[in-house]
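Report on the following structure.
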Amino acid sequence: MATYAPQELAVALKDGLLSFPVTPFTADGAVDEQRYRDHIDWQSSFPIGGLFAAGGTGEGFSLTPQESAQVVRLAVETAGGRTPVLGSAGGNTAQAIENARAAQDAGAEGLLLLPPYLTEADQDGLLEHASAVCAATDLGVIVYNRGNAIYSATTVARLAERHPNFIGFKDAIGDIEHLTRVYATNGDRLFYLGGLPTAETYALPLLQLGMSTYSSAMYNFVPEFALEFYRDVRAQNHAAVTEKLRRFVLPYLDIRDRTKGYGVSIVKGGMKAIGRDMGSVRAPLQDLTAQDLADLSALLDAAGVRPAPADGAPAGTTADADAAVDTLAG
Ligand SMILES: O=CCCC(=O)C(=O)O
């Protein structure tokens, strides 16, 4: 049962970094419940705005509806009220409604509405798709401007007029004029979050377009660095942000860009490199090669961003990464 009213959820999310946890799989490909609980417990131990289970970095696009509800339930139970947990609703309209209701039943506080499956959609169709999902749940709904779901400023305004539980706009396109129109038209009626791959890269400029937060994939494995980065962005400390971009984020992008789909795979690579192995990604994604993993681990050391060892948890070291690389290299 949700504890946040939609507008209360928007207030909680908009001024905190947003966690998009990976979903660990066992060697035979099932959701690894214990490792997920351990990860959510760690991710929830820091001061974040919220946690999105089954998001993009959580390979939500590769989870069955049952698995999506399963990870939401696990995240809600493990977070234990330390931070609001949201689920995702994807697929065609009927599937998205089913996913939304399952996430609500699993205890989610809100929903990220993923783009509809496969088909192209024009504005009136997108409005009816998103409207049907908003009408099917009491939870706060955030639309994801991505792929075939490009919501115009007017469509966003029409959806906001219809549904008080429509609370947020997440963007993964990065069209400055479009974002300016959406923000100028809708203002404080919504909150805005960056969702481009490795969102830190764009966080400081997008702050000027109302994007007070963003989905941080790297928060999975370098939480302290990610939180310090977010603090510097909100303080508009250009020098500190630029220094962190140069030291870690930009060299990280160089590894990420070696293979399509690495945007998620590199996060699981980061988990291996810090000694918190979360298993492999599901097809169609590919795991990092042994060399890419070794390069990522070396970057963590060179940039000085490895997380502090938690009590009783593995203190991620180069030795851990070397072991992971040896395993990968066979
Ligand atoms: O780095 C950020 C992108 C992650 C994201 O938006 C998602 O996991 O859905």
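Glycine is no exception: its Cβ is also placed from the backbone N, Cα and C atoms.
So that you can see what the record holds, here are the features copied from TrEMBL:
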- T57: pyruvate binding site (BINDING)
- Y144: active site, proton donor/acceptor (ACT_SITE)
- K170: active site, schiff-base intermediate with substrate (ACT_SITE)
The residue listed as 'active site, proton donor/acceptor' sits from T57 (pyruvate binding site) (Cα to Cα, rounded, in Å) at a distance of 14
One should report the C-alpha separation between Y144 (active site, proton donor/acceptor) and K170 (active site, schiff-base intermediate with substrate), rounded to whole angstrom, as 5
T57 (pyruvate binding site) falls, by three-state DSSP, under coil
K170 (active site, schiff-base intermediate with substrate) falls, by three-state DSSP, under strand
Taking all protein chains shown into account, the Cβ-based neighbour count within 10 Å for the residue listed as 'active site, schiff-base intermediate with substrate' is 26
